[in-house]
Amino acid sequence: MERIADETMHRYSRSNNDAKRKGRGTVIVWFRNDLRVLDNEVLFQAWCSSELVLPVYCLDPRHFATTHYFGFPKTGALRAQFLIECLEDLKRNLVKRGLDLLIRQGKPEEILPSIARTFGAHAVYAQKETCSEELDVERRVCKGLQLVALSSKATSNELSGMDPSIDAKPRHASGISFKEDPQLHLMWGSTMYHIDDLPFGIDHIPDVYTQFRKSVESKCRIRDCIKVPKYLGPAPSTSDWGCIPTLGQLGLSLDQVKRGMKFSGGENAALSRVHEYFWKRDLLSTYKKTRNGMVGADYSTKLSPWLATGCLSPRLLCEEVKRYEKERVTNDSTYWVLFELIWRDYFRFLSIKYGNSIFHLGGPRKVKRNWSQDGKLFNCWKDGCTGYPLIDANMKELSTTGFMSNRGRQIVCSFLVRDMGLDWRMGAEWFETCLLDYDPCSNYGNWTYGAGVGNDPREDRYFSIPKQAQTYDPEGEYVAFWLPQLRMLPKDKRHFPGRLYIQQIVPLKFGNNPRQHGTQTILSDRQRKSRR
């Protein structure tokens, strides 16, 4: 893995002779959801504008609090462990380039101004986020930095006995003085298409994905990756870089993942996965045909956890797809990876357009509907005890590995909101707890879409369990893997085993009596049009 990562690092890096560094003093790089070196414009611009770069990560206690409505853990143990691995990997890669990673536990608005004061940093560089909690932290950090110069000037004047009206220039650890408060520079870096290149303003983003996709594909160019210098040092001097906490120190515990795919956090693991899926096993060439699979590690790219944490840049992934098309093959499968990256972009941009409405019950469309919040029913869903093997297997996979296929997510969402009639936010918040690839834009964008309160041109989109089972798990291999008690049953009985499995907690909206071969009972024309 390290060899593959080093080769990719070399391909997407530049010689220091090709990079110009004209800045002064010390700047802070505040790592957030961009835990990588490659194609990291924040890191590159910070290096260009300074003599010393100080990378910082803040373990914000609010990330380990509870969700807004239903009080689930905001970060479950699986994602916390993945984050720890991401930080360990980032630290190693920074050290290779002459830097290090300063780890602090606490709120960024308290930590970053303190660090800026200690090291005399004149700027903080960070990736721009889009949702309210992250935006609020950005505002608080900005206010905290504004106080740094004021407090530094006051301290210097007190020590020197000078008139406070005189523009004193206190000296700090780096020997740089504050003439103004340290500036927070926020940079866009989370999408494949840059926000400044969109052919419309944020307020005029189309409400239908297809319109958005066709417009950006025809009118926008995807920017090239930022090639970061191979050497980014020297780093500021400090005796305490801090420690990356263990899971136990975060108050969490985790059983070892023994079934399904085990994900390892970090940029090196991400680059290794790209190499394996694209170049070693040539799986990219058949991606569109296999992407709706459920069993095994290779039916889809499985890159979303690294994209969500920023260990992998969507632009770098795009360049790898283009390189594959040039050197191997161009077909519908290679395009489909980009197609789905555009979906990811779309939800990110919609989170700006619609703001907090993506978290509200009625969604961006302000739909009024009576939703149940039956806790007993919900617990059956989240624990994989609904009596429907396809639902239960997906939920078992989620709680065990932190991952679920895109097809599975659509199915369990439809079941929660259409068949159980439960508040979709309960499902969205549980996904927030469990998913390795959680990010608020994609998670809540997909849930509002699936619940019929978001950007879906079709109303009452329904996923029929018998039909989905017959199409995507016809021999019941997936459900038998996650529910071993079904392995002994004939393949045509695994999805609807009757009394040989636990009792179904609710009837399906459109009936659940499969025919002999596992297909759905005949529906009316109206029902058939509204289900998949």
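Quick reminder: no glycine exception, Cβ is built from N, Cα and C everywhere.
Taken from TrEMBL, the feature domain 'Photolyase/cryptochrome alpha/beta' covers 25-162. Residues or ranges marked as FAD binding site by TrEMBL: Tyr287, 300-304, 340-347, 437-439. The site 'Electron transfer via tryptophanyl radical' annotation in TrEMBL covers Trp371, Trp424, Trp447. Annotation source TrEMBL lists region 'Disordered' at 511-532. Look at TrEMBL and you will find 513-524 tagged as compositional bias 'Polar residues'.
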Set of same-chain residues at least 6 away whose C-beta sits under 8 angstroms from Lys302 (FAD binding site): Met261, Phe263, Arg273, Tyr277, Phe403
Distant-in-sequence Cβ neighbours of Tyr287 (FAD binding site), under 8 Å, six or more positions away: Ser300, Thr301, Ser333, Thr334, Trp336, Val337
Nearest of the recorded sites (Trp371, Trp424, Trp447) to Trp343 (FAD binding site) - Cα to Cα: Trp447
Which of Tyr346, Trp371, Tyr438, Trp447, all recorded positions, has a Cβ with the fewest other Cβ atoms inside 10 Å: Trp371
DSSP helix/strand/coil residue counts for the domain 'Photolyase/cryptochrome alpha/beta' (25-162): 73 helix, 27 strand, 38 coil
Cα distance (Å, whole number) from Trp447 (site 'Electron transfer via tryptophanyl radical') to Tyr346 (FAD binding site): 14
Cβ neighbours of Trp343 (FAD binding site) where a neighbour is any other Cβ within 10 Å: 17
Rounded to the nearest Å - Cα separation of Trp371 (site 'Electron transfer via tryptophanyl radical') and Glu340 (FAD binding site): 30
CB contacts for Glu340 (FAD binding site) [other CB atoms within 10 A, all chains]: 17
CB within-chain contacts under 8 A for Trp424 (site 'Electron transfer via tryptophanyl radical'), separation at least 6: Trp371, Cys413, Leu416, Val417, Trp447, Thr448, Gly450, Ala451, Val453
